[in-house]
Amino acid sequence: MHTPDFKRMRMNLRAPEEQRTRIDAHGEEGIPAAQLNALMPHVTFRTSSGDKIYFKDNGNPQARYDILKWYFLEIGNKKSIKVGSFDGSESDGKLFVNDSANLWGPYFSEFAHSRCSEPCKPGFRKAKVEGAPSCCYTCVLCADGEMSNITDAPSCMKCSKYEKSNSVRNSCFPRNINYLSYGDQLGATLSSISVTFSISCAVILGIFIKYRETPIVRDNNRYLSCLLLISLMLCFLCTLLFIGRPTQICCLLRQVTFGVVFTISVSSVLAKTLTVIIAFNATKPGSKLKKYVGTQLAIILVIVCSLVEIVISAMWMASNPPFPEADTLSDPDYIILLCNEGSGFFLFCIFGYIGTLALLSFIAAFLAKDFPDRFNEAKNITFSMLGFCSVWGAFVPAYLSSKGSRMVAVEIFAILSSSAGLLGCIFIPKCYIIFLRPELNRKDNVVRKQ
């Protein structure tokens, strides 16, 4: 609280000299005051200075005061200087202050404030102090996402949902936009890995086509191998739908594309494993499985499994399709552009269906891993499915605990790592034999070993 030093200086109002004349309330001796009060409103006269004096109905003169500045000196003396006046004789009153009279000197340079609280600066709001007078308050910084741009603001204003407040809370400015972009280091890295692996699939596919008549390619169902390579190449490429600014078409296609091509991949692995099991058991005397040996059953299995996935996706698109959305609530600093999946139920139906096929492939490959076949790839499929299930088992909690671009990056990483596991475990050993151990890839050697 700022208060002037009244021991040194004081200003007051004083009636002019002409008005400081006492009038006996009783008049002359023997004259009643009421007969005198009745006469007072009719008395009017002018002073020597020319001021007009008259009395009101109650006998009081009109308000006319001098404004004095008082000095209280150290030795006990005092001094006054007239610095203005107030004339209430007019209906609206007149106040005159002499600005050249050094109103506040010598002890003050400006008006001495008498306040309970300092003004609240922009960025703050007034808050009542419990138990204190109404003029007393404290200043509270506006909350994040709010601002005040005036002094002594009674409350803070909320920024729009597309804006945030600055650090001093006196203005709002646009929030940054967050999504996994090709220009980001993470987005560029993931897209480069995706393209590299898809090119690798295309190269291996070309190798298998060139060496399609060799035992290691022919005896492991070359048609399913080529189908698996094509689906894996599409799996790597489908991650590009997850990178970049979300659009309506990308939101519609990315999960559906991922679901269908992954179903083809995993069902191809399952079909390859079942082909090995059927071929081994068909060699037993009296077995009825001989009629199922060949590629026809495997292709039918892939088609049926893929149709189930297509039906789930069609129901999803027809009932509650995904759409692009701007999330303004998850992060106060960013507007997160994402694809709202529309229905979490159908999304996890797709994940659950693919996971079920992967689990069946793992079980079947584990049971067939010890079959006596020179080119039995059941062991390789077992390792690939073990890695596949581990990746997607860890994906679910990581996906649910992430937000923004990191959520998308988690799903891309799961797609890339699980697809790379299939590619590496199933096809790299075959390429090793084709190029580095060609003596093992001859028909006479295969027959002799068997």
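Cβ from N, Cα, C; glycine included.
What you are looking at is a predicted structure, and each value in this text was computed from that prediction instead of being measured.
Annotated transmembrane segment per TrEMBL: 186-211 (among others), in sequence order.
TrEMBL lists 186-450 with the feature domain 'G-protein coupled receptors family 3 profile'.
Annotated transmembrane segment per TrEMBL: 223-244 (among others), in sequence order.
Long-range neighbours of the transmembrane segment (256-280) within the same chain, counting only residues 6 or more positions beyond its ends whose Cβ lies under 8 Å from a Cβ of the stretch, are 220-221, 224-225, 227-228, 231-232, 234-235, 238, 241, 289, 292-293, 295, 297-299, 301-302, 305-306, 308-310, 312-313, 316-317, 350, 353-354, 357-358, 360-361, 364-365, 367-368, 371, 373, 376-378, 381, 384-385, 388, 415, 419, 422, 426. Marked as transmembrane segment by TrEMBL: 256-280 (among others).
Long-range Cβ contacts of the transmembrane segment (292-318) within its own chain (Cβ-Cβ under 8 Å, at least 6 residues beyond either end) map to 221, 223-224, 227, 252, 256, 259-260, 263-264, 266-268, 270-272, 274-275, 278-279, 282, 342-343, 346-347, 349-350, 353-354, 357. Under the heading transmembrane segment, TrEMBL lists 292-318 (among others).
Taken from TrEMBL, the feature transmembrane segment covers 345-368 (among others).
The transmembrane segment annotation in TrEMBL covers 380-400 (among others). A Cβ distance under 8 Å defines the sequence-distant neighbours of the transmembrane segment (380-400), meaning residues of its chain 6+ beyond its ends; these are 266, 269, 272-273, 351, 354-355, 358-359, 361-362, 365-366, 369, 407, 410-411, 414, 417-418, 421-422, 424-426, 429.
The annotation transmembrane segment is assigned in TrEMBL to 412-435 (among others). Residues 180, 190, 193-194, 197, 200-201, 204, 207-208, 211, 214, 216-217, 220, 225, 228-229, 232, 235-236, 238-239, 242-243, 258, 262, 265, 269, 377, 380-381, 383-384, 387-388, 391-392, 394-395, 399, 441 of the same chain lie 6+ residues outside the transmembrane segment (412-435) yet bring a C-beta within less than 8 angstroms of a C-beta in it.
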Contacting positions for the transmembrane segment (345-368) when only residues 6+ beyond its ends and CB under 8 Å are counted:
255, 258-259, 262-263, 266-267, 269-270, 273-274, 276-277, 280, 305, 308-309, 312-313, 315-316, 319-320, 376, 378-379, 381-382, 385-386, 388-389, 392, 396
